[in-house]
Each structure stands twice: as structure tokens, then as C-alpha cells.
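J.: A single structure is presented below for examination.
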Protein chains: 2
Amino acid sequence: MGRCTLGTATYLSARLSQLFRLPRSLHTMVGQKQKVAIIGSGNWGSAIAKIAGYNTARHTDIFEPIVNMYVYEEVINGKKLTEIINEDHVNTKYLPHARLPDNVVAVPNAEDAACGATLLVFVLPHQFIQNVCKSLKNSLAPDAHAISMIKGVDVSSHNISIYADVIEKALNIPCAALSGANIANEVAAGLFSETTVGYRPHQRHLAEYYVKLFDTPKFRVGMIEDVAGVSLCGALKNIVAIGAGLVDGLGWGGNAKAAIMRIGLMEMRRFSLEFFENVRPETFTETSAGVADLITTCYGGRNRKCAEAFVKTRKPFHVLEAELLNGQKLQGTETAKDVYEFLKARGKVDEYPLLRTIYEICFEGVDPSQLTERL
Amino acid sequence: MGRCTLGTATYLSARLSQLFRLPRSLHTMVGQKQKVAIIGSGNWGSAIAKIAGYNTARHTDIFEPIVNMYVYEEVINGKKLTEIINEDHVNTKYLPHARLPDNVVAVPNAEDAACGATLLVFVLPHQFIQNVCKSLKNSLAPDAHAISMIKGVDVSSHNISIYADVIEKALNIPCAALSGANIANEVAAGLFSETTVGYRPHQRHLAEYYVKLFDTPKFRVGMIEDVAGVSLCGALKNIVAIGAGLVDGLGWGGNAKAAIMRIGLMEMRRFSLEFFENVRPETFTETSAGVADLITTCYGGRNRKCAEAFVKTRKPFHVLEAELLNGQKLQGTETAKDVYEFLKARGKVDEYPLLRTIYEICFEGVDPSQLTERL
């Protein structure tokens, strides 16, 4: 078990249910409640921790009330961020305007945060995933399972993966995905939102835990059997949002912007159906993860904002990212590059004219006014 | 033939092709070109006349170059609007910033405008349709066919019709529909747009005329075999835009607005599939008439604008319409009422909670903050 020791009762009941294949209803009877750990505590991680803390406290039949949240330790005005969160219940750095519930506990070490957790919520920048997963491997409870809220795709030339698959492989536990029209500050402020949980075939029972953990009257959680589709929506929409921002910068108006969004949605769906298995087309056109998140992102997101500035200033994207995003990362351009390199390796660039053209405008000096020439 | 007399050559070739069922390619050989009449000349009618004039002039193998446009006669600064259009080639009242091609000819009488026309484009307010159709009945060429750009639905208690069906029935000619993310001023300015032609089963050959008549490098025309779906998208999206405007007025942010749009799109589709035949679900989620027009309208349209003002001022919609729309009509509230009355007559109100709640907020004093309570 590494340096993490599971509570004996939890461990025993979990082992019992594994050994004797007890029906799920009996899990609860022998005392196994879901123990939640949030791995990550940025803007979105903190917002989702607020919801998770609220729901573990009201569904005590299903969840242990304490929610551990892994917080990368930083010192803010002479005080540790974990101490600030545990004493004042506010993540002053990443979500300063929302109060976290008292049962959300900041833990400065990922392994400690995840110790004995059965339900892991991954919500941290993708470049840290592999290392964090390595450190967690020995902390997991039997029957542990995960949900990923990480945007982006992992590309190495001919291969492309979603991060739910990366986590599933690294930890050898099932991993679902959550994505939706979810600007973090709005969710944290309790404004009405929807989101979508994508689950694996035959794992609807795990998805039901995620719905219980996140659904509130103002944050409605839908489900679809499609981890890849939900994940790819979250990643690819950022490329389309770059296109929408280019239209804004060019002053081409609402018709052109809607056209780019429609064409982008169709290319997102085609790409996902072509290169991933078990993707459901309706994830893109019907769920919050699909069409709704695309809308929010193309009107309100940071990718749109930087792309508009790109047309108006002609500064490179890495300069605009530094100037405009206050330390946040510009995911759309990176994903555009990843997807382009993957398509090139597969000889399929020409079949995705919008994704191609956005890449070429961002990285190869093509003039933004060429955006629609090849569509 | 009433007081309209068809050109003898056109009439003869049309009759020949009817009598001997000549294949379509021969129509052209014996001299029958499509003669286009635009019935209506408001903001959108004038924008589409500009495109039609451009295309009849460049596709002279298919079209007679002259495009008649029925203009309801008004006197502007002491001069007749038809004279202004025919001398200065600008519709100074409804589309002042765009030049119409010289081959678009304003005609102050609908029957004269449509005389001998084979291809009629209906783009006038729906309350005038029945009377105009009556006046046209004797002016039509053999083989005449029509396309409707009219938004809204015709409701009488238990029955609901799209205007393409109303025209088809009144004139006894086939009627297609065109709708899309098409803010008229942007189309007239030559900014990039897409649109969708919905055609009847077995009438793809007619749809190809409409594509030839309207498609340009900056105005891309798609086709789908679904007249009802395309028409209903154009009508029902205005109700959803009222919902989007309510969210804007409430200050609920981008997530909530995207959620209302997604839920609205799903109710639009469900409604259409339930009450109309041959509707294709993908019309709503994939075409410019569907998702793209919904986006444009929910961000840029007059319904959104008035609904935002409704929340902020609590003035009734008819007052806001008069104050804010400069003589244009607010279609969303009227359509909301039509659809609600139809649903009520069918006992189906509860199955469309968003459409229902928008109606109740607009007309029955329900507070806008209740918008999401029943969704």
C-alpha cells in the first residue's frame, strides 16, 4: 500500500465485496461508501470541489462526507494556500469569489489526498497527469474508479489518446469523463448550467455515482455512454473557438461566426468517429459537452479572445497568451497543432479543411482572411 | 390567364415539355429558362434579390436574366419606392446600404411581378400570403414552382401548418423552403454565410434551381430533403431566442444561455418530429437552418434584444417592439403564443417545458427567474 494506509473497515468491506461479488446494494450495507478525492485545485477544480463537497454532505448514504482536494502548495501573501483553504475555505488564488464547503479539505500531496479514495476526480493540467498517476498508484482503494475533466488530446505522431484513457491505463482503473458548457466562475456562483458525464460501456453504475456527486438543481448532469466523444468535445471545441475568434477579429459578423461553429462541430464529430471507437454522433450535437460547450466557448472563452486579438494585432499567440490570460494556458492553439500533426501523420489533413486552415493561420502565416476559402 | 399574358415562346416550350414529358435537359434545349420573381422586398427580400440578380446574370443558360421583385408601393421623400429602386438600384427604405443589380426590376403589383414566372420566391410578412396568392393564381406559368423564406407557423387550434404548405395549397404548385443563419444586412454586405434549402421528396431537381439561384462563394447553399424541418427551424428558433434574451436580461451568463439554447434545440426537434411528417432530425442539429441560425439569432437577433429589455424594464413586449424595433415585428412572442395554443389544444403543453415557460413568462406574468425551474 505504499505509505498510504487504508482505513481497515473500508478496506475489509471492499475486499469482501470483491471476493464474494456481492450485489452493489450490499456494498452500502457492509459500510462501503464512496470516498472522494479531487486531484487538482485550479479555477475549475475548485469550482467542482465546491459542488462535490455540497453533494457528499447531502448524500451521506453514498459518500463519505470529507472530500480531499490535492492542492499544489504555493505561498500566497506569506501563507500556504492549503492553510488558507482549510482555515478560510476560499481558494484565494484560483477561485477567490466562492466559499468552499467546510468538508473540502486541502491536502498538499497528491498521494495523501487520494489515500483510500474510491472515486478520483482528475482536474489538473494535462502535463502533470503521468507523474501524478505514478505517485497515486499505491494509494488507491480496491474498487477505485476515476473521472477526468481534463481537456486536450495526447498525440504522438500516428497515435492520439484522450486523457481518460491515459489515466485508465496508468492506474488500471476505469475512467469516465465530464465536460460541458461550464465556465468555472459561473458554476461556482451558482448560476444555471448543464454538464455531461461520458461513461464506458457496462459502467452506467459508476456514472450514477458521478451524477450523485455533481448534480444539483443549478448544475444539471446528463449521462451518455461515450467517454471518447465527451472528452473530444472538450478538446476540439477549443480549436473551433480559435476560428470563431478569427471571425470576430475580421469583423465578419454573426452569420459567418455561426457558419464556422457549424462546420467546426461537423469536423469535430467526423474526426472523432473516424479515429476513436464507440463514439456516438449525438454527443456532439445534443449534449452540453457538445453543441452547448461549443457555443459558450466560442462566445466567452479565452481562445476566442486571443484569436480576435491575433487578427487585430498580428502578435504571435504565445505573446497574446502571456499578455491576455494572466497565467492561464491557451489550449486551442496547442490542440490545433496536436490534431494537425496527427492528421498529417495519417495523410488526412485535406479532409478537415477548417481544422487545417485554423492551424495554418495560427502557425504557418496564412492570412486570417483566408479562413473560409477552402470550406 | 387573367390580365397577365405569358410570352408565347416560354408558354409553348413549357406546354410541350408537360405534354410530352421531355427529360429535363431538353427543357433548356427547347428554350425554357427559369423566370424568377421575388414576391416581397423588405430587408431580407431585398438582400436575397441582390443575390438572385447576380446569379441569374451569371447563369444565363438556366435563368432569364431579369428578376422581377414585387415591391409594396410607398412614397419616400416624395418619390415612389419602385422608381427609386429602378433608377438608383437601392431599396432606400429596407436595405439602404446595398446596391441591387440592374437586372432586378421593382414592380408595384404582385400579379405583374409574377406574370409568367416559373420560379417564385416568397419573402413577405405571413399575414399577406393568402391575399397575394389569390392574386397570383392566374399569373403563373405552367411548371411554376416556389420557395418560401417566410418564418412562423400558421396555427388554428388543433392544426398547425408551415407557410410552404400554405403556398403549395393556395397555388397548387410545389413549394420548397429556405432558411439559415442569415442576418440580411450581413448577407447583403457580402460577408460569409451559409443557408439551407429544404425540398420535397422527389423534387431534388427543383432544389437544384434554388441552389443555382442563390449559391455564391460567400453565400453557401446546402440542401436537405426536409421542407417542414427547415421551415420549423426558422419559426421555432425565435421562441428559443426569447429564452436566450431572458437569460441575458437576468445576467445568468454564458453557461445558462448555452443550456437554454441546447434544450431549446431539442424541444424544437421533438416538436417537429411529433407533429409533422417526413421531418429529418439532423436538419436541426447539423444544418445552417438549424443549429447555426439558432446561434446567430440567440446572440444577434431582435427577439433576444426585446427579451433582455423585458427583464430589465418589465414593459410588455408590444411596447418594447414599438420602442426598439423601428417598425419591424417581434416574431418570437407571436410564435410562442401560436405554439402554446396548439400544444394546449393537443394536451401536450407539459412535454415542452421550455416552450411552455417562455410563453408563460411572456404572456402570463410568470417571473423570468422561473425560466429553469421546470427544465
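Placement of Cβ uses the backbone N, Cα and C atoms for every residue, glycine included.
All TrEMBL annotations are machine predictions without curation.
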J.: Of the candidates A:Ala184, A:Ala188, A:Ala244, which does TrEMBL annotate as part of the NAD(+) site that also includes A:Gly40, A:Ser41, A:Gly42, A:Asn43, A:Trp44, A:Gly45, A:Phe128, A:Arg302, A:Lys329, A:Gln331?
T.: A:Ala184
J.: I'd like to know the mean pLDDT over the domain 'Glycerol-3-phosphate dehydrogenase NAD-dependent C-terminal' (A:226-372).
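T.: The average pLDDT of the model in the domain 'Glycerol-3-phosphate dehydrogenase NAD-dependent C-terminal' (A:226-372) works out to 97.
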J.: Using Cα coordinates, what distance in whole Å links A:Trp44 (NAD(+) binding site) and A:Lys151 (substrate binding site)?
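T.: Here the two Cα atoms are 11 Å apart.
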J.: Counting Cβ atoms within 10 Å of each candidate's own Cβ, which of the binding-site residues A:Gly40, A:Gly42 comes out highest?
T.: A:Gly40
J.: Rounded to a whole number, what is the top Cα to Cα distance in Å among the residues the record ties to substrate, namely A:Lys151, A:Arg302, A:Asn303?
T.: 14
J.: Sort out for me which one of A:Lys151, A:Lys237, A:Arg302 has the most neighbouring CB atoms within 10 A, since those are the recorded positions we care about.
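T.: Top count of Cβ atoms within 10 Å goes to A:Lys237.
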J.: Just to verify: the residue among A:Asn303, A:Gln331 with the fewest other Cβ atoms within 10 Å, which of the binding-site residues is it?
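T.: Among the binding-site residues A:Asn303, A:Gln331, the lowest count of other Cβ atoms within 10 Å belongs to A:Gln331.
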J.: Among the binding-site residues A:Trp44, A:Phe128, which residue has its Cβ surrounded by the fewest other Cβ atoms within 10 Å?
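T.: Least crowded of the binding-site residues A:Trp44, A:Phe128, by Cβ count within 10 Å, is A:Phe128.
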J.: Measuring Cα to Cα, tell me the gap between A:Gly42 (NAD(+) binding site) and A:Lys151 (substrate binding site) in whole angstrom.
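T.: On Cα coordinates alone, these residues lie 13 Å apart.
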J.: Where A:Asn303 (substrate binding site) and A:Gln331 (NAD(+) binding site) are concerned, what is their Cα separation in Å, rounded?
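T.: If we compare the Cα positions of A:Asn303 (substrate binding site) and A:Gln331 (NAD(+) binding site), the gap is 7 Å.
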